């Protein structure tokens with residue numbers, strides 16, 4: 001099903017039916033004091049949200065308590081930090097397992113994205129996979145719960161599931177001292193669990209056999225499911241650049257290993273069967289023919305074809321899975337990683353018979369002719385329209401206007417043809433819309449004359465402003481006005497002369513800082529918010545103004561460091577990487593548990609910069625853009641605290657080799673030092689005055705408390721070193737934590753960075769010494 005705004009509710013209903021037991025659901029949330037949501041029952045959310053506020057915890061409620069707004073009398077109200085999820089509890093026998101709350105969180109996240117019309121296929125795949133993996137992980141408990149509910153229904157008696165490590169009974173059915181019937185459930189002669197039943201009135205021997213058979217059937221089904229899932233995971237881990245599509249014997253699509261890359265314009269899936277797989281007819285026919293070949297032979301795999309696009313080619317292979325009767329139960333279509341066109345021609349030719357070789361080479365020749373025409377078309381487009389686009393970008397543009405067919409059908413590129421398809425495109429879309437990002441941004445600035453001149457009142461400075469920013473302990477948290485905060489942000493870049501040096505338009509810079517501030521602020525994190533982003537950027541600004549970075553970096557690398565520092569925690573979730581991984585959040589699934597949040601922050605920053613009205617890099621050359629991206633990613637990934645000791649160790653090693661070896665010997669050394677400086681700036685909070693350091697300590701403690709509360713709610717392992725608010729002797733324990741943090745984390749980083757830079761960090765080093773004494777007094 002193609003995901004569009006008109007059918008996303010229908011899609012969510014299908015997911016709800018699977019995980020909630022009913023397609024009826026309501027998600028309501030409040031962000032930035034605005035109430036919104038998605039529901040199969042209601043359209044006005046404000047009134048319903050006010051009624052839900054009285055439920056502080058997730059709980060079962062009677063529908064009448066909510067004026068039957070949600071269409072049933074038996075409701076479950078699930079509450080997380082921002083949202084409420086309401087659904088019918090009657091048909092959800094497995095809601096008790098701990099990970100179920102994580103599944104509900106992922107469902108809420110999906111509903112939130114859809115309501116905002118964010119149809120990100122990677123997010124969708126990540127969330128669906130997260131839900132599936134949670135169910136598979138807890139499948140044994142789910143099956144136990146299904147059996148318990150069946151026993152309760154059939155016998156009209158209360159019953160419980162108890163594990164062998166909780167109680168020790170005989171291997172046969174017994175009646176215990178309290179009159180309960182205890183039924184052991186076995187698999188391979190081993191007791192897996194006991195069903196404890198209250199006063200049943202039935203032939204228990206017969207019923208015991210029924211339960212054993214039911215459990216055995218469910219268990220073997222689970223075993224097959226887990227084996228299949230393990231196989232898929234192995235395929236994906238070992239071949240991450242390949243796309244696997246699994247079809248059953250009737251050619252219905254059962255599984256897709258990842259999203260189809262956007263550059264693969266030759267392929268599209270619009271439904272749930274092979275017929276809905278949109279490929280060029282010659283390739284599709286080849287695929288169907290090879291399936292027939294496998295069906296009528298004993299082969300397990302065949303090569304299908306080679307699909308060419310742009311200057312690349314994708315080999316397609318087909319595998320068959322057979323049952324005990326040698327019947328095909330599943331097909332696996334494997335689209336291998338793209339490679340240079342026809343690089344394996346000799347290998348393929350050697351394997352083909354003379355008859356099939358002629359057929360395959362004819363297809364390859366036809367495709368090659370088409371690609372040659374397309375390559376010429378791209379050259380013409382570049383020359384005629386004076387644009388600097390890659391072949392793939394031009395192909396995408398031609399594809400949008402359905403001109404590819406016309407290009408393919410022409411026998412040669414003549415002046416007539418040149419004008420026909422080029423001018424058709426030219427008339428359909430004005431030239432400004434197909435220029436590269438640099439030209440587009442410049443055109444946008446020219447066309448968009450500023451109408452709100454008052455914005456430029458933000459870009460004025462007086463002596464007090466300059467004095468404030470020259471103070472290492474300047475406290476942005478006391479600046480309550482958001483526009484004032486943006487003015488100070490502009491000042492950081494202006495006073496370093498970066499605005500003029502890189503021709504950053506003030507209007508674009510304003511729009512950029514507004515969206516950055518919004519991305520930092522909407523979750524209302526106590527610590528990881530815009531105040532923190534600015535404070536880290538200010539620490540970097542302080543070092544830049546000391547001119548101590550000049551010996552290692554040119555102005556452009558310093559500009560990159562400052563911008564990276566500002567955006568290093570953008571769109572932070574208010575939780576740490578360990579929490580995201582434990583929760584199997586969509587970010588953890590997307591980034592495979594590696595620097596989850598840091599990867600996300602870098603990605604968000606570049607997604608913002610891709611948009612014209614936020615592109616403050618529009619005047620940079622292509623080479624500068626590549627350098628910026630390389631350094632900015634390294635700077636932001638370097639703020640992952642998991643890398644702290646690695647950074648410290650490498651700084652010590654390089655300093656120990658001075659003066660025999662220079663600190664910077666190659667490009668990687670320069671990139672490392674830049675990331676180390678931004679990492680040190682990220683630790684700036686405890687290097688401010690004690691009053692500021694104490695304020696930031698309380699903020700991070702509040703954020704840690706929120707995480708611990710959510711860990712308890714989701715039945716996740718509690719992060720032991722987090723100190724929740726309200727802990728007995730909180731102030732004394734906080735002081736001890738901060739002493740350790742300064743001694744073993746912050747001070748080593750600042751000491752080593754100061755040795756590298758030689759000047760510029762005298763004030764923060766003194767503050768660290770003073771703060772250690774102050775925290776000692778608080779113990």
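Just so it is clear, glycine is given a Cβ too, placed from its N, Cα and C backbone atoms.
Nobody curates TrEMBL annotations by hand; they come from automatic prediction.
Look at TrEMBL and you will find 446-779 tagged as domain 'PDEase'.
TrEMBL lists 528 with the feature active site, proton donor.
Summarising the annotation, TrEMBL assigns Zn(2+) 1 binding site to 532, 568, 569, 682. Within 10 Å of the Cβ of residue 532 (Zn(2+) 1 binding site) there are 24 other Cβ atoms, across all protein chains.
According to TrEMBL, the feature Zn(2+) 2 binding site maps to 569.
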### Message
Please list, in sequence order, the residues in the chain of residue 682 (Zn(2+) 1 binding site) that are at least six apart in sequence and whose C-beta is under 8 Å away from its C-beta.
### Response
536, 565, 568, 639
### Message
Taking 10 A as the limit, how many CB atoms besides its own sit near the CB of residue 569 (Zn(2+) 1 binding site)?
### Response
24
### Neighbouring C-beta atoms (10 Å sphere around the C-beta of residue 568 (Zn(2+) 1 binding site))
29
### Query
How far is it from residue 528 (active site, proton donor) to residue 569 (Zn(2+) 1 binding site), counting Cα to Cα, in Å?
7
### Message
Please give me the CB contact count at 10 A for residue 528 (active site, proton donor), counting all chains in the structure.
### Response
24
